[in-house]
């Protein structure tokens, strides 16, 4: 319960101290995916959660990664707290009814969806480091081997500007059970390390990794690449950098963008377009935006607003790109989180925290 309550307070402080943007938004809600009244809550005890980061499992299904998860609607009644959790579906988001979850990782049939891998949960991370919780960033799978990798952030604390211990990787041979690896990207003492929140996209022999600071601070977005079959070897990562004359790989990273970034999401679409979505958490215009490019190194387009704040004392954030999205009209599929903004907000069907499918156009 402390996890969820603290996160709610923090998100409210960061993003709802400023007015919502009034710019025209492209994306509209299609279906609420999480709740006690949805299959997520009825079948697997995922009644309140956030994120819902989708990644292609290359077996006809998409895995959806969730953060702090409880089996009750409200923080005050929080039960069965765990993170991360994964639900699965092979239903195309373009279907008339939207996405419906069909199974959960770590459980056969119905039953409480368990944590995907170890979480210190107000204790030891397993290596002697204090850990408040673990939050997933992204997932990737490799059909050549059947292996899966999840990038995550180990959180030290949730203060006004939440502080991670490090970014890390969890590994699976089947996409059902995962183990944390020793590979880590440590945060710095100033909490400004730009490699703490990840999004990953494969293209050919390379996996491209886009990273930002935690806590929606102003800062750079960095780009690295790594051979797909060497992701667990930190020495194989190559930075994309500017040397004063030109850009190139195998250099210290230089910022490809700057801003108040929420969790980034990057996907290469079927037509070859690269799409990026994130929460622009600037103090004047908090909204979910998209950019496009022909390749991972850019240049990236100007921002297009996809989702504005609803203006009903709730908080919308996330905007994770479904891997089956396309560049066609109304075929950008986003997973958007919704938190109520105050403890005395009127009850709604969505409860305190939920994830919904939005549909938009790049």
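For all residues, glycine too, the Cβ spot is worked out from N, Cα and C.
Residues or ranges marked as signal peptide in Swiss-Prot: 1-22.
According to its DSSP assignment, residue 157 (N-linked glycosylation site) is in a strand. Annotation for residue 157 (N-linked glycosylation site): spatial neighbours 132, 163, criterion Cβ-Cβ under 8 Å with sequence separation of six or more. According to Swiss-Prot, the N-linked glycosylation site annotation covers 157 (among others).
According to Swiss-Prot, the feature N-linked glycosylation site maps to 190 (among others). Sequence-distant neighbours of residue 190 (N-linked glycosylation site) (same chain, 6+ apart, CB under 8 A from its CB) do not exist here.
The annotation N-linked glycosylation site is assigned in Swiss-Prot to 280 (among others). In three-state terms derived from DSSP, residue 280 (N-linked glycosylation site) belongs to an extended strand segment. Within the same chain, residues at least six positions away from residue 280 (N-linked glycosylation site) with a Cβ under 8 Å of its Cβ are 259, 260, 261, 262, 286, 287, 288, 289, 303.
The N-linked glycosylation site feature in Swiss-Prot is assigned to 338 (among others).
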